[in-house]
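Engineer: From TrEMBL, here are the annotated features:
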- 1-22: signal peptide (SIGNAL)
- C55-C94: disulfide bond (DISULFID)
- C142-C194: disulfide bond (DISULFID)
- 219-314: domain 'Ig-like' (DOMAIN)
- C240-C298: disulfide bond (DISULFID)
- C479-C536: disulfide bond (DISULFID)
- 556-580: transmembrane segment (TRANSMEM)
- 624-945: domain 'Protein kinase' (DOMAIN)
- 630-638, K658, 706-712, R813: ATP binding site (BINDING)
- D809: active site, proton acceptor (ACT_SITE)
Amino acid sequence: FWFHEILLVLLVYRNLLFLLVSEPPGPTLIQLNSIFQPNQSEIILTAGSKVQLGCLGDGLVNMSTTALRPLPRNCRNILQINSVSPRHTGTYHCRYANQSLDHLNTWIHLYVKDPGNNSTVFVTPRSTPRYPKEGDNFLYRCLLTDPSVTDLTLQSEGEDRGRGLPPGMNVTLDPRKGALIKHIRKTFKGRYSCSGWRNGQEFRSEPFALMVAPMDRPPSVAVSQGEWVRLQGERFTVTCQSSNPSHSYTVTWTHPHTKVSSQTSLVSLWSRLAHLSSSNSTLTVSAVNHQHSGLYTCTAVGRAGVATVTTHLTVLDHPYLRIYLQTANTQQVSDELPGNFSREEMTEEPAANVSFGLEELQRELVFNGSRGSGYRRVEVFEGGDLTLTFIMEAYPPIRQHHWTTPEHVNNDGSSMYERSYTATAYRSEANLLVRRIRQEDAGRYSFKFSNLFFNGSQDVDLRIYRKNRVTQQNQSLMCSGSGYPRPTVLCFGQKHLCEPSSNHQVSPSAATSEDGEEVRIFFPLSSPDDDVTVKCLAYNLVGKSHQVFVHRLRTVFTPALIGALSVSSVLLLLLLIVFYKCRQKPRYEILWKIIESNDGNNYTFIDPTQLPYNQKWEFPRDKLRLGGVLGSGAFGKVVEATAYGLGTENKATRVAVKMLKPSAHSEEREALMSELKILSHLGYHDNIVNLLGACTQGGPMLMITEYCSQGDLLNFLRTHAPDFMASMITVDEVGDEVFYKNLTGQQERLRSDSGISCWSEYQEMQPALSPGPNEPGKTDLSLCDLLRFSYHVAQGLDFLSSRNCIHRDVAARNVLLTDCRVAKICDFGLARDIQNDDSYIVQGNARLPVKWMAPESIFQCLYTVQSDVWSYGVLLWEIFSLGKSPYPNVVVDTNFYKMIKDGHHMEQPEFAPNEMYHLMKLCWSGEPTHRPTFKTIGQLIERLLPLTSDMLPRHSDQVRKRRGF
């Protein structure tokens with residue numbers, strides 16, 4: 001308080017001295033905490049400190065500030081703040097009340113920083129800033145409270161954060177004033193913040209939203225069309241559509257000859273949308289006359305300027321029509337239709353025209369008597385495109401129109417023509433495009449049109465150039481030439497007389513005919529045995545063509561015919577030899593198919609060659625030791641091998657290796673690679689023969705799979721059949737009576753229909769070591785084993801179906817057994833001798849396992865998951881008959897196929913429980929959709945199995961370790 005009193009006394013004393021001395025005043029003085037500060041100095045304060053600020057001068061002095069915290073109302077030149085805050089940051093001015101002394105004003109800038117609060121590095125207004133107008137400069141007051149913060153920039157916020165500022169934005173940042181954005185654009189709309197850095201740390205202000213108000217522009221005006229036509233007495237209405245950013249604008253109509261206001265009704269419709277006002281000003285003349293012709297001007301006057309738009313009205317006594325065909329490179333001639341209208345408006349117009357795609361086109365304009373319908377002839381070459389275009393200028397405008405063309409269509413049933421029609425107020429254009437012209441396109445094309453006063457049509461006769469030809473009729477030679485213009489035809493002949501041949505012109509007969517564009521000349525022959533050569537020459541403006549006709553004595557066998565027959569016989573013989581060799585050559589095909597998509601029974605399969613191959617399956621060749629042959633086919637074989645370091649541990653693993661024979665072709669190599677890709681694509685399962693690795697580089701291709709020591713299921717069943725039946729005899733003893741069976745005869749019977757030849761160059765899949773019946777750990781074959789085999793195969797097929805894979809050859813011969821009697825599904829493919837295996841029947845050019853195939857596969861070549869279910873039912877029959885061939889003693893012939901169509905099923909196998917035979921019949925349902933799924937089959941068999949862990953398949957450690965890569 002005492003400081004305020006002393007300062008006031010000093011000011012009064014200074015003013016009295018100024019009045020007494022009457023000297024010119026000096027600059028204002030600024031005192032901060034009793035210390036005078038230099039002009040334009042910058043002072044840093046700490047938040048919470050006490051501040052006393054005063055202004056002194058040689059007259060009345062006022063204080064003002066740019067700080068976000070305004071001065072108190074009673075503060076004129078002295079400011080006292082007990083606890084200063086960052087919002088007191090700003091520039092403080094000391095000004096004379098007399099504005100003529102502004103050059104003596106002074107200022108200081110105060111920075112009030114709060115070290116404990118980083119959010120106050122920038123202080124910003126609490127209220128939303130006003131919307132700047134487009135083109136103005138905008139200052140956002142983000143005031144810096146700590147001058148140690150540098151590298152001040154403006155940054156985008158929200159969705160645009162990190163993308164930089166909009167293109168064209170020019171920003172200047174002043175720590176005392178804030179961010180100045182120059183020449184605001186609409187594209188600058190968004191959210192922004194002020195940014196600065198101190199000691200590697202970024203500080204940002206509170207973001208603010210920048211909204212841009214549109215720039216003041218003159219009103220916009222528009223009319224729907226620039227030209228109008230009316231008949232005398234008709235009503236004329238035109239609307240001027242205008243818009244302006246504000247309501248304060250006017251719209252008026254003017255006409256050079258009439259007072260529009262007396263004949264105009266003005267209707268204004270105002271709406272507010274996005275700061276834009278719009279109105280419609282409608283001028284109406286109830287009955288026009290010639291005085292109303294001329295230019296009408298719509299004028300909109302707004303605060304930012306004036307805008308005008310004009311439209312022209314033509315008043316006629318009668319309606320009119322001008323029509324012409326548009327073309328190029330021809331003299332222009334108009335064709336006007338007659339009607340109930342004056343011809344005074346009919347001035348000379350461009351000629352009837354055709355636009356086309358060939359330079360060799362010629363045109364002719366012909367009128368067939370009446371002025372009402374134009375007849376034009378157009379000639380084109382075959383193969384090009386032709387466009388017929390009619391231009392019409394009419395009032396009233398054309399309302400209806402259509403083309404009539406020669407009646408024919410494309411081979412696919414679609415139209416040969418493309419029609420288009422465009423129209424403005426009083427002018428319209430009709431186009432007909434004919435693509436790739438053929439002879440069938442020749443004919444008359446008519447364009448018909450009408451409006452309220454008249455109707456008419458225009459015709460175009462299309463002619464197409466044709467080649468000349470020579471033909472023979474009866475006992476005469478006919479030389480004919482066609483084209484446009486009509487060609488001139490000449491013929492030259494050569495007769496073989498006693499003397500050397502001489503050329504001379506043959507005189508035609510009097511019977512020369514001309515039919516339209518075709519000219520024909522006949523030359524009679526004296527007898528059928530005449531030896532004559534005739535050359536026909538035709539030419540016109542387009543060009544010339546000729547053809548030679550030779551009439552020779554008729555002989556049956558000419559040297560040329562004999563030579564042709566000889567060459568044909570040799571070629572036919574070679575073709576038969578090649579065909580026979582191809583029939584004899586066995587083919588290898590991947591049976592497993594992976595479904596890509598299906599539409600009902602229409603399956604789309606994945607091409608296995610397109611599947612990827614992971615190089616991590618590669619196994620070093622030097623760590624593989626090959627052993628004896630396990631199985632052999634036409635193109636490949638399977639051998640036993642030992643792999644070192646196949647799993648995670650560096651130990652020896654017994655494996656099976658499939659490879660190609662030297663006699664294999666490139667197709668078989670590609671098939672083996674496809675089999676490798678399919679196995680790698682399917683993945684691991686306990687009941688399929690899993691892939692362990694491969695050697696595809698640096699030598700012959702080798703595919704490494706799991707080793708199944710017990711061989712295939714079919715031979716296993718046949719080998720252990722005596723043991724099984726011996727156990728069954730013990731079970732079947734009732735009292736003192738024993739049901740004896742001839743085991744030797746039974747064994748012979750079981751192998752008599754195996755379908756395996758006694759000797760060939762091929763070998764069946766055999767176990768490496770056949771353990772004896774008394775080997776430790778091995779038990780005899782039992783009914784429980786048969787159920788387990790059935791369950792294992794169902795589980796494997798369920799896995800394949802879940803991977804959209806169809807096996808197509810489900811049979812006991814394609815199931816292998818491990819030493820723990822786990823059944824695994826495989827496909828021997830190139831390692832099987834299908835040529836000498838009676839299970840595969842020749843059908844067409846392929847060998848198929850017909851007795852295992854579903855009816856839809858036999859008769860429709862349709863393979864699905866349901867057809868695999870049928871084959872699985874046959875496999876069950878094999879299992880419970882201990883390896884007998886299906887349909888025993890039945891030959892595959894027409895009677896067999898009829899039996900399958902009639903729904904005949906095999907009888908119950910000797911050792912099959914009733915439940916398993918019922919399951920077989922379900923699998924053999926004639927309707928594929930009625931067959932059970934493999935998941936259902938597995939559940940049914942699982943109920944028949946004893947509750948023991950032996951039913952579960954043994955996991956292969958080597959597979960799991962190998963797949964852990």
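Each residue, glycine too, has its Cβ placed from N, Cα and C.
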Engineer: Take the C-alpha atoms of G633 (ATP binding site) and D809 (active site, proton acceptor) and report the distance between them in angstrom, rounded.
Structural biologist: 17
Engineer: Rounded to an integer, what is the Cα-Cα distance in Å between C94 (disulfide bond) and C479 (disulfide bond)?
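Structural biologist: Distance (Cα to Cα, whole Å): 118 Å.
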Engineer: CB neighbours of C298 (disulfide bond) within 10 A?
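Structural biologist: C298 (disulfide bond) is surrounded by 24 other Cβ atoms within 10 Å.
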Engineer: Could you state the CA-to-CA distance between G636 (ATP binding site) and C240 (disulfide bond) to the nearest Å?
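Structural biologist: Answer for this pair: 89 Å between alpha carbons.
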Engineer: Under 8 Å Cβ-Cβ from C708 (ATP binding site), six or more apart in the same chain: what's there?
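Structural biologist: Expected: A656, V689, L816, L817, T818, K824.
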Engineer: Nearest to the residue listed as 'active site, proton acceptor' by Cα distance: which of the recorded positions C194, C536, L630, G711 is it?
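Structural biologist: Comparing Cα positions, the closest of these recorded positions turns out to be G711.
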Engineer: How far is it from C194 (disulfide bond) to K658 (ATP binding site), counting Cα to Cα, in Å?
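Structural biologist: Between the alpha carbons of C194 (disulfide bond) and K658 (ATP binding site) there are 72 Å.
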Engineer: C-alpha of C55 (disulfide bond) to C-alpha of K658 (ATP binding site): distance in Å?
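Structural biologist: For C55 (disulfide bond) versus K658 (ATP binding site), the Cα atoms are 104 Å apart.
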Engineer: Which of the disulfide-bonded residues listed here (C142, C298, C536) have a Cα atom within 10 Å of the Cα of G711 (ATP binding site)?
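Structural biologist: Those close enough: none at all.
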Engineer: Could you measure between C298 (disulfide bond) and C142 (disulfide bond) for me? Cα positions, answer in whole angstrom.
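Structural biologist: Cα-Cα distance, C298 (disulfide bond) to C142 (disulfide bond): 49 Å.
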Engineer: Do me a favour and check the Cα-Cα span between C536 (disulfide bond) and L630 (ATP binding site); whole Å is fine.
Structural biologist: 79
Engineer: What Cα-Cα separation, expressed in whole Å, is found between L630 (ATP binding site) and C240 (disulfide bond)?
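Structural biologist: A Cα-Cα distance of 96 Å.
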Engineer: Over the span of the domain 'Ig-like' (219-314), count residues by DSSP class, listing helix, strand and coil in order.
Structural biologist: 7 helix, 53 strand, 36 coil
Engineer: Sorry to bug you, but what's the C-alpha spacing from C142 (disulfide bond) to K658 (ATP binding site), rounded to the closest Å?
Structural biologist: 79
Engineer: Compute the C-alpha separation of C142 (disulfide bond) from C240 (disulfide bond), stating it in Å without decimals.
Structural biologist: 48
